[in-house]
């Protein structure tokens, strides 16, 4: 490939290399199929946006600012005001904070090896962030409730524009997998991009939800969350998927602190739980293909204390092979990794791309489910760990720190 031979696959100076993109892609287009030519044209068009804003001083200045992360307690006790001043305060915080966080992600896209950044799908996501930065910084300062209402419309639009970013990143990296030489660099990029996206969506959705008067909720924070109820919701969802795929699904038993209730943010659980449950059910069904209507139960244990919430999901799906155990929490997008048959690494019916509001989007099979869940848990001050009993099954431990516990909570 022309770009590979000229530019290589290592990091380069994007500001000096972007002018080469048009001519390089033109040469490449001569030897590609009609589909590839279409992709080249898309890349050329999208590069115009990236090129025109690449040296924009506003992005550079914002990227040097630190983000101001809030604790859920700050969000919970910021209070409601009769005159709506809490909405103005929240909106002004977002107006200051979102451009900074988005500028950080644009800087992250610049750090990618040039040949990966030229991928049309990756370029499209890069462009989405630049356009979002432009729209947010073009919005005038929020002075009154009318301004805040218009700002909410912009935030809703941007949330919708970015709803497929996880899927697009997975597609782009799989398309670019032969150019990935430093997987640690790409994994760091993904961890930062995906967790930043989660934080942005949580803050934005929280602000929008402050306009609603929903029982037991302050914004996106549920003041009396029941782990058992949210688990049951996603058990029903995962069982329907499993029944559609295999004709049956394991039963699920929930034990432990089933009566626990406490303030918490459901959104991370809405992202993580479907993935873990789907994996457990799939592993169970795949390891009992000879007896699909007589499979072991999946057992979920809830442990609640004054520091954190622990959810253990135990399946009898045969466990994870020793050779795969060290890699199961990694993002899988290379050719060699795509050939594995382990359910958690190369799923037959994909991984969930969860959108804002806790609704499940389309399924995608790029091996992003577990590593994304792990990154989310760590971002929220917790962890996601697996214990495999090869030949028996797997226990998955999800720990999430309380927002009102004895120790300091996480920051969003």
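A Cβ is built for glycine as well, from the same backbone N, Cα and C atoms used for every other residue.
If you look up Swiss-Prot, you'll see 1-30 marked as transit peptide, on the strength of similarity to another entry.
As annotated by Swiss-Prot, phosphoserine applies to 31 (among others).
Swiss-Prot lists 52 (among others) with the feature phosphoserine.
If you look up Swiss-Prot, you'll see 159-404 marked as domain 'Histidine kinase', on the strength of sequence analysis.
Sequence-distant neighbours of residue 192 (N6-acetyllysine): residues of the same chain at least 6 apart with a C-beta under 8 Å from its C-beta are 104, 105, 108. Sequence annotations record features per position, and here Swiss-Prot assigns N6-acetyllysine to 192 (among others) based on a large-scale study or a structure entry.
In the three-state DSSP reading, residue 233 (N6-acetyllysine) counts as helix. The N6-acetyllysine annotation in Swiss-Prot covers 233 (among others).
What Swiss-Prot lists as ATP binding site is 279, 315, 334, 335, 364, 367, 370. Under the three-state DSSP scheme, residue 367 (ATP binding site) falls in the coil class.
The secondary structure of residue 279 (ATP binding site), as reduced to three states from DSSP, is helical. Swiss-Prot lists 279 with the feature Mg(2+) binding site, giving similarity to another entry as the kind of evidence.
A sphere of 10 angstroms centred on the C-beta of residue 328 (K(+) binding site) encloses 22 other C-beta atoms. The K(+) binding site feature in Swiss-Prot is assigned to 328, 330, 333, 367.
Marked as phosphoserine by Swiss-Prot on the basis of a large-scale study or a structure entry: 356 (among others).
The phosphoserine annotation in Swiss-Prot covers 360 (among others).
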Tell me whether residue 192 (N6-acetyllysine) sits in a helix, a strand or coil according to DSSP. helix
Residue 328 (K(+) binding site) to residue 370 (ATP binding site), Cα to Cα, whole Å, comes out at 7
How far is it from residue 330 (K(+) binding site) to residue 279 (ATP binding site), counting Cα to Cα, in Å? 15
Of all the binding-site residues here, 315, 330, which one's CB has the most other CB atoms within 10 A? 315
Pop the Cα-Cα gap between residue 279 (ATP binding site) and residue 233 (N6-acetyllysine) into the table, whole Å please. 16
Per DSSP (three-state), residue 330 (K(+) binding site) is coil
